[in-house]
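According to TrEMBL, the protein carries these features:
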- D8: active site, nucleophile (ACT_SITE)
- D8, D10, D179: Mg(2+) binding site (BINDING)
- D10: active site, proton donor (ACT_SITE)
- D19, D99: substrate binding site (BINDING)
Amino acid sequence: MKILLVFDFDNTIIDDNSDTWIVQCAPEKKLPIELQDSYEKGFWTEFMSRVFKYLGDEGVREDEMKRTMISMPFTPGMVELLNFIRKNKDKFDCIIISDSNSVFIDWVLEATNFHDVFDKVFTNPAAFDGSGHLTVENYHAHSCNRCPKNLCKNVVLVEFVDKQLKQGVNYTQIVYIGDGGNDLCPITFLKKNDVAMPRKGYTLQKTLSRMSQNLEPMESCVVVWSSGVEIISHLQFLIKE
């Protein structure tokens, strides 16, 4: 009997947004205005494709992007939390569902030796093409009207849990750790025994707090965190139960 831990990546595991952090590689560390203005709501992956093309055209190479990416700080207490999970892998399965991309997440997990903590990473697939440009694709297509068109985190979570169930793995509860607007959809589908853990002061926490003021029903319990150390305390409490 295991607990499933679901992590977002940007502003949750790492203390910034990998897609905006990479702009440090650009000339003068900024994007041209017309490129900045080309973003359309719900089409972030398409926007990032243009950003990566621009970086490639400007001569920014893979090793430079990698150096920049692995200089990104972890969120406070996150290293301690991931080490705690590693020590207790018999009690936890652990996945990432992220709107970043596979190259960035791989670089960070590899550089910090945390690959083994995560059983699976669900994110937009990325790769360097023959000309050295980073290309990124949508993770999937879905019909959820609340989520950006490239990724509904709830669809991913439900599919993963169902697939695990078919293989005989039944989770006693799900703990969802995130910060952003796109973490709301999976959290609204959590059950009575599950735990939603929004990061204090970020979009997800503000939205959940507004929902509770409007008495919109939420089955799961909500535990707010600022540091990974607080998450450890709550996980210790859950394992004791």
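Even glycines carry a Cβ here, placed using N, Cα and C.
Remember, TrEMBL labels are computer predictions, not curated facts.
Note that the structure is predicted; figures quoted are calculated from it, not measured.
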### Query
Which ones in the same chain are close to D10 (Mg(2+) binding site), with CB under 8 Å and 6+ residues apart in sequence?
D16, N17, S18, D19, S98, D99, S100, D179, G180
### Task
Using a 10 Å cut-off, grab the number of neighbouring Cβ atoms around the Cβ of D19 (substrate binding site), all chains included.
19
### Task
For the recorded Mg(2+) site, whose residues are D8, D10, D179, find every other residue on that chain with a C-beta no more than 8 angstroms from the centre of their C-beta atoms, and list them by sequence position.
F9, N11, T12, I13, N17, S98, G178, G180, D183, R199, Y202
### Message
Please give me the CB contact count at 10 A for D179 (Mg(2+) binding site), counting all chains in the structure.
### Response
23
### Query
Including all protein chains displayed, how many Cβ atoms other than that of D8 (active site, nucleophile) lie within 10 Å of its Cβ?
26
